Amino acid sequence: MNWGVFEGLLSGVNKYSTAFGRIWLSLVFIFRLLVYVVATEKVWSDDHKDFDCNTLQPGCTNVCFDHFFPVSHIRLWALQLILVTCPSLLVIMHVAYREAKAQRRRNAGGDSYHCTYPNPGKKRGGLWWTYLLSLIFKASVDVVFLYIFYRFYENYSLPRLVKCELQPCPNVVDCFISRPTEKTIFTLFMVVTTCICVVLNLVEAAYLIGKRCRERLLLSTHQSHRH
């Protein structure tokens, strides 16, 4: 990974975010991305190798593992992190589009140029909607993945022992999951941080809407006083 490019993207997201957005970005980077990179991949690295079933029937262990682990935790988390960070990059792209548009008009207009966006990063017009929709999308992605994890792994926990009776297993066999307690702890940690991120996104969306309504109300009051 090119950490210089990644640092540049993070600083861009931080620059155009509110205080709630900066807290959300810190949570995602420190408590989700770094924990994922440093810890979870190592914890789940032996999930298939050390998934033991008390049978020597060929294929039984693979079938049972596929049944109880339809999708790996780390692959789901990787997809979740990708989807949840993409909307923030769209905000940066929108600001860059504004700056490029302003530069083209400045070059074409010369001295008579009138700046449409004195501050391209200010959340007005289309950028306000882009930012608000990005918050809603990020919260929705996290909620959907919380539901997926709950359906795949009930109560977000992994049992020590699972019983499997799928073909080609000859009968009901006992299968043992590798390090279930450690995996459950990390799963719950990621679930809690995801819930906090959802709350932050909703609070930030409410803050933006409330701020816009307040500005509209003050503007209408000012105009009525002038008339």
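Using N, Cα and C of the backbone, Cβ positions are placed for all residues, glycine too.
Note on the transmembrane segment (20-39): residues 10, 13-14, 74, 77-78, 81, 84-85, 88, 138, 186, 189-190, 193-194, 196-197, 200-201, 203-204, 207 of its chain, located 6 or more positions outside it, place their CB under 8 angstroms from a CB of the stretch. Among the features that TrEMBL reports, transmembrane segment is placed at 20-39 (among others).
The helix, strand and coil residue counts that DSSP assigns across the domain 'Connexin N-terminal' (42-75) are 14 helix, 2 strand, 18 coil. Taken from TrEMBL, the feature domain 'Connexin N-terminal' covers 42-75.
Positions annotated as transmembrane segment by TrEMBL: 77-97 (among others). Packing against the transmembrane segment (77-97) from elsewhere in the chain are residues 9, 12-13, 16-17, 25, 28, 32-33, 36, 40, 120-121, 126-127, 130-131, 133-135, 137-138, 141-142, 145, 190, 194, 197: each is 6 or more residues past its ends and has a CB under 8 Å from a CB in it.
Taken from TrEMBL, the feature transmembrane segment applies to 128-150 (among others). Among residues of the same chain six or more beyond the transmembrane segment (128-150), those with a C-beta under 8 A of the stretch's C-beta atoms are 16, 24, 73, 76, 80, 83-84, 87-88, 90-91, 94, 156, 187, 191, 194-195, 197-198, 201-202, 204-205, 208-209, 212.
The feature domain 'Connexin cysteine-rich' is assigned by TrEMBL to 141-208.
What TrEMBL records for 185-209 (among others) is transmembrane segment.
Long-range neighbours of the domain 'Connexin N-terminal' (42-75) within the same chain, counting only residues 6 or more positions beyond its ends whose Cβ lies under 8 Å from a Cβ of the stretch, are 36, 149, 152-153, 162, 164, 166-170, 173-179, 182-183, 186-187. Residues in the domain 'Connexin cysteine-rich' (141-208) partition by DSSP class (helix H, G, I; strand E, B; coil) as 44 helix, 8 strand, 16 coil. On the 0 to 100 pLDDT scale, the domain 'Connexin cysteine-rich' (141-208) averages 90 in the predicted structure.
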